[in-house]
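The block underneath contains the structure these notes are about, expressed in structure tokens.
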Amino acid sequence: MSTETPGPDITSRPSGRAARERMYRYVLLMCAATSILVTVSIVVLLARDAITFFTLVNPVNFFTGTEFLISRDVYGLLPLLSGTLLVTVISAVIALPTGLAAAVYLSEYASSRMRSVLKPGLEILAGIPTVVYGIFALVYVTPFLQSIGLPVNTFNILSASIMVGIMIIPMVSSLSEDAMSAVPDSLRQAGYGMGATKFEVTTGVVVPAAASGIFSSFILALSRAIGETMIVVVAAGSRPRMLNLSDPLANIYQGYQPMTAAMVQINSADTVSQLGFTSLFAIGLTLFVITFLLNLLSNRIAARYREEYE
Amino acid sequence: MATREPETGWHGEQSDVNHLRGRAFEATCLALTAFGLVSVLLLLLFVAKDAFRPLSADTGWLATYAATVLVPLAALGVYYYRLDEPAGEVAYVTSGLPVVGLLLTGGFAVLFIELLSVLEWFALLISLAVAGGLIVAHGRLRSKAALERLAVMFLAPILTVFGLPPTEFNWFVTDAAAALGLDFGLYYRVISLREAIMLLPFVPTDWAMLLLTLVLPVAGAAGWFVGQRRDSRRDSLAVVGITTVFAVLGVVAGPLLGIGTDIWLLLITFAILPLGVYVEGVVRRGEGVRGLAFPVIAVLGVAVGSVVTGVLGFAGPESWLDWGFLTSATSRTAADAGIYPAMVGSVMMIIVIVLTTFPVGVGAAIYLEEYAPSTGLMGKFVTLIEINIGNLAGVPSVVYGLLGLALFIRILNWPQGSVIVAGLAVGLLILPIVIISAQEAIRSVPDSLRQASYGMGATRWQTIRQVVLPEAIPGILTGTILALGRAIGETAPLLMIGAAASVRLAPNSFFDVASMMPRQIFTWSSELDPAFRHGVLAAGVVTLLAVLLVMNATAIVIRNRYQRTG
């Protein structure tokens, strides 16, 4: 303000000003383009070492191998995938119904006072650091499970997955609630007009109408569970293990090492061969590709539902 | 459908409407919503119990404090909730402001103890102020020469802060020359104003420098803010004057009370000044004045409680989380272990993130909201950026750690586990969150304001700087504080870039190897000793959560105060 000449000054040539405006535009564009740069550097830098790894280890062996032992240079991804799969499935069993129910309650039933308590509460769940969830699982949940008579080991996939599940509830509930709030009120009124009860309107009209948004939130939550690191590092143990298909229930009492935990372990190991170190990037790239595809899929589904009502 | 009887009644006429099913469904949904909340609440209670060990105190101690603090405050809380909601908000803010102020005081105290001396801070600030003065003066004198101003904007800070050529640049040239086998360096350089101040044979005392460079600017800003709100120059002068008087009084009286002068000045700036301005505002408005009773009763209750327990000889709990825990380094024995170096690491990491991620993130958001074209090739590129930011927000944190490891440590050869690498890796992680929240804040500024500004003949950048940003700042601040909260708790990237498992000495520079709070907590979690597992670990978790709680509460207060309605 103080730098401007007083009064309108239309006659003077806007000599430097245009250049300055252009420069601001380019500087800001560069800020925005940083995000592309981040993605590109993730892909390039991860691929660089992953390619080194795959020239020495046959990719087929890597993706189908059933043993993962860095000390003997045996790299099979399946045991790590087993761990990741277990965490994802168990946490999904906990989080998806719970998150959906929370979304239904918040969007359809809750009074405004109830909402003002529950919504910040769920936000707090999302704000707790994951390492804290991991400590909860290890120090409090596992002893609790043991005390009620479950034969869980000190490090087990069950308590880790329970905490992962609780951690991703807010993600499911907030995105699903957004989807349900976006359902036009006219649909609900039409349901009531037909004589349907609130329960029937909720389960028969609102939830199906918001289905794509709900699915998109489910996928995003799964992707989050797959990428979750600290909870499984702290509480799920450090032993890569194949799924025991003959006795599925026994699996959940044992410790597993999901992909993310394996990455942390390889990186912090004292003695690790050059090949072992590059395997870090192969696992990381696999993880990145899986989560990236899931996120894209989730966006696609969410974009479809947006078109329906706006 | 042909076989169906034409319906005449309404759905469910034959049977009573089944209310039971609906009720059961609602109750189930509520129970499931509460499930996550209640289980985490229980876990938090357990960890708090482990950290504070309230049961190790005498029953008399617990009863005294329950009678002097807990019961009166609970009664007040119920009263505010039922009868006087504005007073409740006043109580919330007046209790919260000192806590935030103490946290900031602690942060700055750590800064002055570990990172830079008061003299260095003074020199840096004075040089920056001179550079700013030069830029403003040039703008006044030659307002037409916009290109020249650009040059001044870049050169003035370099000249005053770094000197010509900057030392780092000089090192770089010398190193490059040495690598080529040449003995070549820039031995003659113009030293910067900052270096000149550092070389002065006599310097003002620490408190005078702090008064000039920290207390007065903050008081000035507060005074300006008050003046703007009340349209009164007198009030803003009063704020500055009273603050200065208090600061000087404290410098004289501080040693008598056993508080260091530096700490006293920091307290004045960050805790007492904001609290005073707020309380004065509440009293003047006369709205919710009863809320002021809450902090007063809390302080009185603690004072009475400590006198009573002292006289009657009740012993307090042997809490793991005490002053010693916050101020000492970790140790092999649980009783001596503390979190101080890790806290310093976290503070320094936050500084790196604020200086790097915040400007880039806000800049990106400004571009995407204010400049981005929606058509043509650039439009496609912008759409790509938007989609990409959304996807980056979903990339697992451990992958960012891997990126940090590959980029900063293996390619740029920066020291493994140093503060700067940690800050940049975690900064990249929260960049998409900062961008998205800043975009939302900027988007919520009504278009009519922009049109008005354009109508006055302002350029796009002038509109952004003078109209859009001031309106969007509270929203941007809220989003940034929440993102910083996320950053403080992130652990996986720290593990990947090799942050130290635990350090005994706090880092002194950004290239020092450091440990951060969550990294230190993770180290403790692998100790098998129950004294660690149920004591030190719990204390660490509670410390981390307390910091996050304060940050989130601040963000929520800012959001509620400045939220645009409608």
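Residue numbers in this text run from 1 along the chain shown.
Cβ coordinates come from backbone N, Cα and C, glycine included.
Just so it is clear, the model here is predicted, and its values are computed rather than measured.
Residues or ranges marked as domain 'ABC transmembrane type-1' in TrEMBL: B:343-555.
Residues or ranges marked as transmembrane segment by TrEMBL: B:29-48 (among others).
Here TrEMBL flags B:60-81 (among others) as transmembrane segment.
For B:90-113 (among others), the entry in TrEMBL reads transmembrane segment. Panel annotation: around the transmembrane segment (B:90-113), residues 76-77, 80, 121, 214, 262-263, 266-267, 269-272, 274-275, 278-279, 282, 287-295, 298, 343-344, 347, 351, 506, 547, 550, 553-554, 557 of the same chain, lying at least six beyond its termini, place a Cβ under 8 Å from a Cβ of the stretch.
Annotated transmembrane segment per TrEMBL: B:119-139 (among others), in sequence order.
Residues 124, 127-128, 130-132, 134-135, 138-139, 189-195 of the same chain lie 6 or more positions beyond the ends of the transmembrane segment (B:146-164) yet place their CB under 8 Å from a CB of it. Per TrEMBL, the feature transmembrane segment maps to B:146-164 (among others).
The transmembrane segment feature in TrEMBL is assigned to B:207-225 (among others).
Per TrEMBL, transmembrane segment is recorded for B:237-257 (among others). Counting residues 6+ beyond its ends, the transmembrane segment (B:237-257) has Cβ neighbours under 8 Å at 207, 211, 215-216, 219-220, 222-223, 226, 263-265, 267-269, 272-273, 276-277 in the same chain.
What TrEMBL records for B:263-280 (among others) is transmembrane segment.
Taking Cβ pairs closer than 8 Å, the transmembrane segment (B:292-315) reaches residues 57-58, 60-61, 64-65, 68-69, 72-73, 76-77, 80, 90-91, 94-95, 98, 279, 282-283 in its own chain, all 6 or more past its ends. Annotated transmembrane segment per TrEMBL: B:292-315 (among others), in sequence order.
For the transmembrane segment (B:347-368), the residues of the chain that approach it from at least six positions outside its boundaries are 107, 110-111, 114-115, 382, 385-386, 389, 419-420, 422-424, 426-428, 430-431, 434-436, 438-439, 441-442, 464, 468-469, 476, 480, 484, 487-488, 507, 510, 514, 516, judged by C-beta separation under 8 angstroms. The transmembrane segment annotation in TrEMBL covers B:347-368 (among others).
Residues 364, 420-422, 424-426, 428-429, 431-433, 435-436, 490, 492-498 of the same chain sit 6 or more residues outside the transmembrane segment (B:389-412) yet have a Cβ under 8 Å from a Cβ within it. According to TrEMBL, the transmembrane segment annotation covers B:389-412 (among others).
Per TrEMBL, the feature transmembrane segment maps to B:531-558 (among others). Sequence-distant contacts of the transmembrane segment (B:531-558) (same chain, at least 6 residues past either end, Cβ-Cβ under 8 Å): 44, 47-48, 50-52, 92-93, 96, 99-100, 103, 319-321, 325-326, 334-335, 337, 339, 343, 474, 477-479, 481-482, 484-485, 488-489, 517-518, 520-521, 524-525.
Residues of the same chain lying 6 or more positions beyond the ends of the transmembrane segment (B:119-139) and with a Cβ under 8 Å from any Cβ of it are 112, 148-149, 152-153, 156-157, 159-161, 192-195, 197-198, 203-204, 206, 209-210, 212-214. Sequence-distant contacts of the transmembrane segment (B:207-225) (same chain, at least 6 residues past either end, Cβ-Cβ under 8 Å): 108, 118-119, 121-122, 125-126, 235-240, 243-244, 247-248, 251, 261-262, 265-266, 268-270, 273-274, 277.
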